[in-house]
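Now, the feature entries from TrEMBL:
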type     : residues : note
TRANSMEM : 30-48    : transmembrane segment
TRANSMEM : 60-83    : transmembrane segment
TRANSMEM : 145-169  : transmembrane segment
TRANSMEM : 181-200  : transmembrane segment
TRANSMEM : 220-240  : transmembrane segment
TRANSMEM : 302-320  : transmembrane segment
TRANSMEM : 326-345  : transmembrane segment
TRANSMEM : 381-400  : transmembrane segment
TRANSMEM : 412-433  : transmembrane segment
TRANSMEM : 494-514  : transmembrane segment
Amino acid sequence: MNGILSLSLAVARSGWLAGWNQLFRFSRMKAGLLLVALQGFLVFVVARRAPALAADSAEAGLAGALTLMGAQMAWFGLMYGFSRGQMQLYQGLLVPLFQITPARPLAFLLGRVIEAVPTRAWTTLLWAWAYSAMVPGPGRWPAMALLWTAGLATGMLAHLAGLLLLTFWSRYHPRSMRHGNTAFGVLTIAMMTAAVVYLMEGGTATELALALRAARRSVLTVLTAAAGLPGLILALALLIRPQWVESHYREGLYRVLELGEQDTVRSGRSWWLPLRGDGVLRAVLSREWLQWVRYRMARTQLLIFAAGVVCVWFAGRSAAGRAMPLAGLVGSVGGLSLLAWYNAFGHWVAKVFQQERITIALYRLAAVPTVRLVIAKLVSVLVPSVLLVAVAAAVGSAAARLPLSTAGSLLLWTELGLVFGVLGGFGAAAATANQEPEEPEAPGAPRMEQGGSAMVQSSAWSSLARTFGLTVSTALPLWAAAGRPWLDLPPASAWTIALGVPLALFLGGVGWMLRTWRL
């Protein structure tokens, strides 16, 4: 048992070291600090929307906060155990260790559970601080300790439940494991979007906690059935019959690896767009759109977009019958329409030049000017994005029963935010395109777990820069069109910033690319 415990701690230390190297030690942008700042800002916003109850309602507030904390930690623990467990237990450099050596898989499972404890404890502490604001007076700090303890225990049990679900799923039906990730992703995005809508409409975390307290029996029953009992079953099985868990994990791992070797890109018939004129535009659009259609995650992305559109519909329904100004509609319906596109297909813009340093030789052989290539790439991401956002905005307008003129104005302002967002994100992608590797990696090349190489860190920095450019360029025009909430600048200054930043990113990024990629 001592050998298993020491090996489990070694596996956990390996994961901690990898996270430290990737987020802090070798990260030029110190991504870990940015992540902590983002978490702190999110929790601070929620804490501001959790007013304290009266002194005679402190007990009710604590019960509601415990119910809310339990539901939140159980869901994210279950999702983290299942989704993160797929990457930890079935991929990486440590997996062959438990295939070709006498090392027991039990140590691998326990190590990944131990690895999750610090992250779970930190996240739970932040939310315990936010929800403890519901308890008035000096009773807040004992309530915070109770919330942290209950949330951490619930989250770890849910994490074990997610691992148990993953172990059995990989053993009996590994081909459909990715559907579990799809379900968790779609439901999580839908719930987070619903929470954003709830807070934007004036709701508070205190009101939500009191509503959950009234239905706490149903909530606790669902939590016990979905996370509590499965987590306890896995914990007891690891202590009483570890060989049973190990055999299921080992057989599931072999089946997953066999499917990975058999997995190929979906076959499909190539087609050529019926466009006249520039053959470069036809070739690039055909190639880009055919790759997106054949992409194995295309259905998942469509489901994520559909979940976002459902949230847009609910936002439109909440605006129906109310005299909401156009700026408010742009901020709610238009903002959620852009969020639905961003969550599902925003990576189209961020990765538009991914690995193009490899295929640029083909364009050189075909004597394709870089300017035409850039125009074709821009059209390939802009046209489908405009259509998708138009669908989402139309659904929201129909749900809000807007007149045709108001719906048209809402669509135009929303598309304005999209177009400038795509321009800014495209410019950031063009400026960092030379950070992509110039040669493809071998199919069997091992993945870097420690994240210490300069190429990996440069790629991570470039990905962060592209995502930041796309996010800022999309948010600024939407903020200006929605009436400049949170920062009331003069309209001229606001629009200068909102349109100038995306244009500067676009012109600067494309100009840099034309200078460095000149054919």
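Here, residue 1 is simply the first one shown, and the rest follow in order.
Any Cβ shown, glycine's included, is placed from N, Cα and C.
TrEMBL: automatically predicted annotations, no manual curation.
Remote same-chain partners of the transmembrane segment (145-169), defined as residues 6 or more beyond its termini with a Cβ less than 8 Å from a stretch Cβ, comprise 62, 65-66, 69-70, 72-83, 85-86, 89, 109, 112-113, 116-117, 120-121, 123-125, 127-128, 131-132, 176-177, 180, 223, 226-235, 245, 248-249, 252.
Packing against the transmembrane segment (220-240) from elsewhere in the chain are residues 67, 70-71, 74, 77-78, 106, 109-110, 154, 156-161, 163-165, 167: each is 6 or more residues past its ends and has a CB under 8 Å from a CB in it. With respect to Cβ pairs under 8 Å, the transmembrane segment (412-433) is most closely packed against 381-400, considering the stretches 181-200, 302-320, 381-400. Among residues of the same chain six or more beyond the transmembrane segment (302-320), those with a C-beta under 8 A of the stretch's C-beta atoms are 182, 185-187, 189-190, 193-194, 197, 201, 328-329, 332-333, 336-337, 339-341, 343-345, 388, 391-393, 395-401.
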